[in-house]
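> Pulled these from Swiss-Prot:
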type    : residues                               : note
BINDING : G12, T13, S14, L15, D16, G17, V18, D19 : ATP binding site
Amino acid sequence: MKSGRYIGVMSGTSLDGVDVVLAAIDGRMVAQQASYSHPMPLQLKQDILGMCQGQQTTLSAVGRLDAQLGTLFGEAVLGLLKQTGVAAHDITAIGCHGQTVWHEPEGDARFSMQLGDNNRIAALTNITTVGDFRRRDMAYGGQGAPLVPAFHQALLSHPVERRMVLNIGGIANLSMLLPGAAVRGFDTGPGNMLMDAWIWRHQSQPYDKDGGWAMAGRVCLPLLQQMLADPYFSLPAPKSTGREYFNAAWLERQLAGLAAVSPVDVQTTLTELTAVTICEQVQLAGGCERLLVCGGGARNMLLMARMSALLPGTEVCLTDDFGISGDDMEALAFAWLAFRTLSGQPGNLPSVTGASCETLLGGIYPVLPLGGR
């Protein structure tokens, strides 16, 4: 096992910044030592959004964005090192997810595209970098997502208690950790993504703090029913999705043809959509005793309250209560996946992704011991 100190870097679909964590990893033991949040420049965020939503682009624009994100991720790692005083030579490796700009897990040429040049990260930090985690799973017929359930299984499973772990980022994904059963996991649908886009459009706020705006509105049942009729929600697992599907254009199509709905009621209804689509999947799997929630959505008080109401037999709690920061869960997972790759251990779960077999994940971008610069 390649035990040591690892750095995980995550920039998710919410585009609310770059999360960086430092952790000591030794087998099943993952001890978080520090975290750092690096801002996402507004222009870069807008460029990513444009690409994610299928706007016309060029190879030059894709290449530039790949380079810019690689530099941003490298600078984020340097920010963590500066904050902690840890030297680069004390880090075994960086695990970097990259920035997803397109995820197309079905069809003859299934693929997932994460930008953020790992060569630049390695060069800027002088630390071996592991990245491009999703495409190996897809090469074996998998969805390439979600990958975090393997980490959830390693750290949060229980021998007798029925647990599920829910990450609410831009997209919500669920890991089912049920005793005696293979781990299952999939994207339930929108997490914060539509809520964030809507409040930005109408309130110029990046997110609905504590769910406060949504609390002032009412659920519009015709809109909720229209959205719930989307075929994605009835697809069987394995399944995964992203901003290329659930985006502002999708929401506009749902609103078209309905009587006018006030902006605040749309926000309330989007919150209810996230809660209902999550809880329906929990119930379809036979329920659980604890639903452990992480990600930015865990801070949305209305969303948490609605899930508790929809799951009366389940304790809805935070992963923080079990020793894992909900804000840092995904970055920690990719530090752990880098550890798995360098240790020669598989990182995917075929029962989750639908791949034909377990496999090593990612590419390794090594550096010379003394820097080579």
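Heads up, the Cβ atoms here are built off N, Cα and C, so glycines get one too.
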> So what sits near V18 (ATP binding site) in its own chain, CB-to-CB under 8 Å and at least six residues off in sequence?
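Sequence-distant Cβ neighbours: V9, M10, S11, S37, H38, P39, M40, L72, F73, A76.
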> Report, as a single number, how many Cβ atoms besides its own are within 10 Å of the Cβ of D19 (ATP binding site).
24
> Of all the binding-site residues given, G12, G17, which has the fewest Cβ neighbours within 10 Å once its own Cβ is left out?
G17
> Can you check what DSSP calls V18 (ATP binding site), collapsed to helix, strand or coil?
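Reduced to three states, the DSSP call for V18 (ATP binding site) is strand.
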> Give me the sequence-ordered set of same-chain residues, not including G12, T13, S14, L15, D16, G17, V18, D19, with a C-beta within 8 angstroms of the centroid of the ATP site's C-beta atoms.
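The surrounding set, listed in chain order, is M10, S11, M40, G169, G170.
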> Please report the number of other Cβ atoms within 10 Å of the Cβ of L15 (ATP binding site).
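Excluding its own Cβ, L15 (ATP binding site) sees 20 Cβ atoms within 10 Å.
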